[in-house]
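According to TrEMBL, the features are:
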ACT_SITE  GLU138  active site, proton donor
ACT_SITE  ASP265  active site
ACT_SITE  GLU343  active site, proton donor
ACT_SITE  GLU364  active site
BINDING   THR454  Ca(2+) binding site
COMPBIAS  490-501  compositional bias 'Polar residues'
COMPBIAS  606-617  compositional bias 'Polar residues'
COMPBIAS  620-642  compositional bias 'Basic and acidic residues'
REGION    490-515  region 'Disordered'
REGION    606-656  region 'Disordered'
Amino acid sequence: MPTSGPDAMQPALRRRRRRQGFLLPFACLSAALIAAALLPGAAFADGVTPSEARRLRDEVKDMFYHAFDGYMQHAFPLDELRPLSCQGEDSLGGYALTLIDSLDTLALLGDKERFDAAVEWVGKNVRFDINKTVSVFETNIRILGGLLSAHLIASDYATGMRIQSYDDQLLHLAADLAQRLLPAFDTPTGIPFGSITSTAGGGTLTLEFGVLSRLTNDSVYERVTKNSVRGIWARRSKLDLVGAHINVFTGEWTQKDAGIGTSIDSFYEYLLKEAYKAAMHYLHHDPWYVEVNMNSGATVWPLFNSLQAFWPGLQVLAGDVDPAIRTHAAFFSVWKKYGFTPEGFNLATSTVQNGQRSYPLRPELIESTYWLFKATRDYRYLDVGRDILASLQYGAKCPCGYCHISDVETHQQDDHMESFFLAETVKYLWLLFDLAAGPDNIVENGPYKYIFSTEGHLLPATPQITLLDEHCLYAGAFCNGTAGHGYGTGDSSNKHQNANSVPFDDSRTPSDQSLSNILSTTRGYIKGVCPGLTHAQKLGISYSAEEDNSIQQNSGSSENLDESHVIKSSVQAQSSSVILISHPVASQTEEPTSGRSQYNANIVATAESVGTDTAGASSHPEDLVKETESVSEQKEINDKEIASQGSQPTEGRYLT
């Protein structure tokens, strides 16, 4: 490996129903702490002001660089830092894992100098033609996702982080890596091989592999990961619950405990619409969640584990905010009790679960805090963020970075810092305070809506990534007018142009042409001509379904919206992110006849409300892939409806 070590990049350089027997023991668990967390100002003498939010944001930035610089000086190019002894270790595959996982955080912080140097080094030095046994799941979310995120940022002028000398090196690396992972999917069930295959491990792959398919115009990556999700969902119980681990050769469940946490968690980010009702019916003991037998629904573990903490954020993005608020308060009460959340907390005994006493710097509670603040603008969540930051600073900070906490009761430190600390934990904490201070970052102010992957990687929803007929959702975009096959890559000459260089101009939209006519006669991208958008969509605002209906019925044209309504609705918008939702019960043996039909088996949906049908896969209903009777009803909007209503298909409601 050419020139490695910190000098190579210095100085230009960082997861049944209620049963009476279990209800009473934990119904009043930590009641005072939960009440304090639910009452704004009750747990804190002073709320976080905007000026303090700026100070806290800067403190988080310093936290990032303390850990990132520690990695670069003492561990690079090994995978991860041992922050207590100031050494490095290869923990995943030996390809500078922490650097790759941190690339988009550098971009988010606006550190162009270090981002440029890091991208250049990775492009020149990282290779995957090595003899290593790796986790498909971890390699996908950390490495593949990190490469794709950095590629999309580095190759686009609109992000402000375009690298002049960049020539798709990270995309080539991502494609090479994915090719080397493909053999793992050659199993009877389609679920990728692993020493132990978890539901999350087999069901949390479609986003990264799907984006790669759309960037390379090769459908194989998305196809194998969709088959994996189908392979899991087809084996769900009659209660619509899935277990924790599955035999990839026989399809038999080897662990039948169903929950929202360990081994299943991120699976819900992909099939929330299909699985949410059952989860709330069988797993939810307001405000807590338990693990049950997937076949009977009987409670088997009255346990809170730290990976459950992503759930309130997912509920916010699904539009189910009230239970999210209560559950977040309950989870935060555990943090308040110990200073951190243990891997396992027994709800029946109100004690830390034996063998699950550690806190490995997980981001999930911080992630949910960010989404709750973004949705509600309730400053109690800034107080939560301040408390979490204080815990990390005084309990986890160590000489060269931030240490795992091996015991949340004694706060004993462990000499390890996983890459997701810089990819997620710090990122969500920084986004929380930056949002309060007056956001100045590509997620809140950039030209695109962004996907947050399971690893927290930022994937811009550009026309090249979104569905063929999901047209521009932001002013001055390249409208995807490709009516042919493939993934709508359009004219290669448009590859690196600034998506905002031409403002939206209604006068340029042909008044006598319907959207379908334009799409059928135009190939490639239509710059600045995005017919069929509402006033709100032109401003990048997503209304709820109820607001959309009210606007259309009362005004007949969204162009006449009062500006105050637009401003009010922008605050109510729940998310700037999208994910891929696979239809789970389509034939596992089907072979798409074209890239277009392949994509119609997927939905790209923004995350706002789980109560609204997901739509928008195509403005040509006859092209939709036929679904079996088990598939959730999908609202279809044809060209005539789009043209007459003057609006885009209603966006679905999910996020990762």
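Glycine too: its Cβ is placed from the backbone N, Cα and C atoms.
Locations of recorded TrEMBL features on the structure.
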residue	record	Cβ neighbours (10 Å)
GLU138	active site, proton donor	18
ASP265	active site	24
GLU343	active site, proton donor	22
GLU364	active site	25
THR454	Ca(2+) binding site	26
Query raised in the report: About how far apart, in whole Å, are the alpha carbons (Cα) of GLU343 (active site, proton donor) and GLU364 (active site)?
Result: 12
Query raised in the report: How big is the Cα-to-Cα gap, in Å, between GLU364 (active site) and the residue listed as 'Ca(2+) binding site'?
Result: 10
Query raised in the report: THR454 (Ca(2+) binding site) to ASP265 (active site): how many Å between their Cα atoms?
Result: 10
Query raised in the report: Taking the Cα atoms as reference points, how far is GLU138 (active site, proton donor) from ASP265 (active site) in Å?
Result: 14
